Amino acid sequence: MPTDGIDFRIGQLVVVYQADGKTYLTEPYRLHYLWALLGLFVLVTIALGRGKGLRGLLGTAASMGVLAYVVVPQIAAGSNPLLVTFLGAFGILALSIYFVHGINRKTSAALIGTTMAALVALVLATLLTEWMQFTGLTSEEAFLARFQLGGNLDLISLYLAGVVVGALGALNDVTVTQAAVVQALVQANPRYSVRELYSRGMAVGFDHIGSLVNTLVLAYAAGSLPLLLLIGQSDVPLAILFNNETFAAEIVTMLVGSLALVLAVPLTTLVAAWLLRGRKLDYIERRWPGA
């Protein structure tokens with residue numbers, strides 16, 4: 001029986017619901033495919049990442065648990081979305097970085113770099129939100145969430161929280177990698193000064209920045225394909241479309257997140273160079289006696 005372009009077949013698992021004594025067939029049952037995909041992801045991650053892969057999966061599960069059972073209930077109960085999300089996200093980030101990579105100067109440098117870049121993103125997004133007079137009604141989901149919570153939801157704070165959280169995941173990857181580069185340089189020659197470590201670390205960082213901008217823009221564009229389609233088919237001038245809050249908010253999110261990622265590279269490199277430089281002088285003397 002075709003329903004909204006879907007051809008159902010005999011014996012197929014489907015989702016139904018009942019109302020007013022009637023039974024409605026809604027859509028195919030898809031969860032078994034999702035479980036299979038999740039299982040494949042777990043197996044590949046553990047096979048290739050081994051111990052760190054397993055710890056990464058456990059950290060991800062803990063992060064999802066905190067979001068689902070702490071952050072979301074607190075926001076629904078009327079707490080400030082920005083404050084709750086900010087504290088929850090950084091708690092998750094610290095736990096996950098230290099759990100996966102261990103407690104050491106490298107991970108501390110990554111966490112400090114992430115925090116600094118995220119604070120820049122938050123301050124800039126807050127200023128732009130005020131200057132551009134955003135209301136927070138940037139999507140249908142935001143409107144429905146406010147309606148469900150009786151109009152007590154601070155949509156501006158919710159939007160800002162989304163900007164920060166959207167950047168944090170990518171920031172984590174960038175800062176840990178950049179701190180690891182500096183650590184490798186220190187291990188190769190502990191006599192490098194902070195300036196030398198920063199300069200050599202940024203030699204890798206420049207390549208990192210070049211790929212980061214393109215990656216993040218494409219990631220945001222992929223999530224906004226319906227909006228891009230509307231732009232392409234609309235007769236409304238582009239200036240009017242981009243001035244609309246829905247479009248403007250997406251652009252602000254994309255550019256602020258990209259800016260935070262780019263800034264995270266030099267910030268983390270500098271912090272890592274300062275924290276890691278010259279910490280094992282006995283090792284230096286053993287490797288370079290009389291140097």
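Even glycines carry a Cβ here, placed using N, Cα and C.
Taken from TrEMBL, the feature transmembrane segment applies to 32-49, 56-76, 82-101, 108-129, 149-171, 209-231, 251-276.
Listed stretches 82-101, 108-129, 149-171, 209-231 were compared with the transmembrane segment (251-276); the greatest number of C-beta pairs under 8 angstroms is found for 108-129.
Under the criterion of 3 or more C-beta pairs below 8 Å, with sequence separation of 6 or more, the transmembrane segment (82-101) and the transmembrane segment (209-231) do not qualify as touching, having fewer than 3 such pairs.
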